[in-house]
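Some features that Swiss-Prot has for this protein:
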{"type": "BINDING", "residues": "G80, 83-84, T88, 90-93, 108-116, S120", "note": "5-phospho-alpha-D-ribose 1-diphosphate binding site"}
{"type": "BINDING", "residues": "G80, N111", "note": "anthranilate 1 binding site"}
{"type": "BINDING", "residues": "S92, E230", "note": "Mg(2+) 1 binding site"}
{"type": "BINDING", "residues": "R166", "note": "anthranilate 2 binding site"}
{"type": "BINDING", "residues": "D229, E230", "note": "Mg(2+) 2 binding site"}
Amino acid sequence: MPQKKLLNMLMAGKDLAREEMTLCMNNIMDGAFSDIVLAALLALLQKKGVTADEAAGAYASIMARATLCKLDEDAVDTCGTGGDNTGTFNISTAAAIIACGAGVSIAKHGNRSMTSQCGSADVLEALGFAIDLPPSATEELFRQTGFAFLFAPMYHPSMKAVAHVRRELGIRTIFNMLGPLLNPAGVKRQLVGVFEPELMDLYGTVLLATGCRHSLIVHGETETGAAFDEPSISGPTHILELHEGVMARHIVHPEDFGFIRCPIEDLAGGNREENAIIIRNILDGSATRAKTEAALYAAAMTCYVSGKASCIDEGVCMASDSLESGQASCKFTAILQLNRELSGKHKALIN
């Protein structure tokens, strides 16, 4: 489709068919559009709102170009959309570490920050984790520790064509929305935080179509009702649960699981070094109650979708034990040590 026609369609608020979106994304990934046209496309698509067909079409284009990683389909991804502008620390990353300490296999897909100060890749790097392991080394790390971090640019090299425009725009785009759908390990269990409640059904449709076994799509609210793309200890959390092809909706509150409400400001993060300190403090027991409970809440849901906990309450017990017993800290130390060894071997080979 000519770019002028495409822009006019989006300006008129018209939706693209799945096949049209696949062709559009092919052109984006091939660098066929100038930066100005690409920025306009992303902004107009965001303003119009992405449909399930458009998401599926874009997914098909991007995954056709992805480098895949052979892990366990029952591993859990805790990748969220980001873009909620709350400025919190990296809750889902802390939750992934805690859940891994509880025996949950983690295949976390993530990237550097595009719309916030610190993405999951940034904070892991600040914690001493080499994010750029090749797939073979990542598979070995997962085999030995049950933890993998899948750095998006390593597995989606075609995304490089849009990275600078996304960074310059600094707004939510279809790529924020697509991120959790693009795990190169093909995981079937996910905890997905979304920045808009309208995205919940869209995710449900796409995840079911891609063979999801058990996922929780969550949209939290702060104490003022502002959007939060994590399970919220500041207000209610809306959940769309997908389990073996069945959808169910829930609304839960932090008090339901023994957590104490706090203002969103109590979960404030900072730059990568500051967020790394927060995660270290959570692991060693010196973090504030609010930050610890925010991480535990997300870790509990991670344990639940993994199948190791039969409900979120049991997940809270598993996550709390992982943290309080020191299992999470010990596990992360082992992950970092093996990660460094594998990174060193890889660098020696390429040099």
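Yeah, the Cβs are placed from backbone N, Cα and C, and that goes for glycine too.
Shown on the structure are the features that Swiss-Prot records.
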| residue | record | DSSP class |
| --- | --- | --- |
| G80 | 5-phospho-alpha-D-ribose 1-diphosphate binding site | coil |
| T88 | 5-phospho-alpha-D-ribose 1-diphosphate binding site | strand |
| H109 | 5-phospho-alpha-D-ribose 1-diphosphate binding site | strand |
| R166 | anthranilate 2 binding site | helix |
| D229 | Mg(2+) 2 binding site | coil |
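In this structure, of the binding-site residues H109, R112, R166, the smallest number of CB atoms within 10 A of the CB marks R112.
Most buried of the binding-site residues D229, E230, judged by other Cβ atoms within 10 Å, is E230.
Across the structure, S92 (5-phospho-alpha-D-ribose 1-diphosphate binding site) and N111 (anthranilate 1 binding site) place their CA atoms 13 angstrom apart. Note on N111 (anthranilate 1 binding site): other Cβ atoms within 10 Å of its Cβ, all shown chains, come to 22. Comparing CA positions across the binding-site residues G80, T88, N111, the one lying closest to E230 (Mg(2+) 1 binding site) turns out to be G80. Around G80 (5-phospho-alpha-D-ribose 1-diphosphate binding site), the same-chain residues six or more apart in sequence whose CB sits under 8 Å from its CB are S92, G179, P180, L191, V192, G193, V194, D229, E230, listed in sequence order. Counted within 10 Å of its Cβ, the other Cβ atoms near S92 (5-phospho-alpha-D-ribose 1-diphosphate binding site) come to 24, all protein chains included.
Sequence-distant neighbours of T88 (5-phospho-alpha-D-ribose 1-diphosphate binding site) (same chain, 6+ residues apart, CB-CB distance under 8 A): F228, E230, I264, L267, A268, G269, A294.
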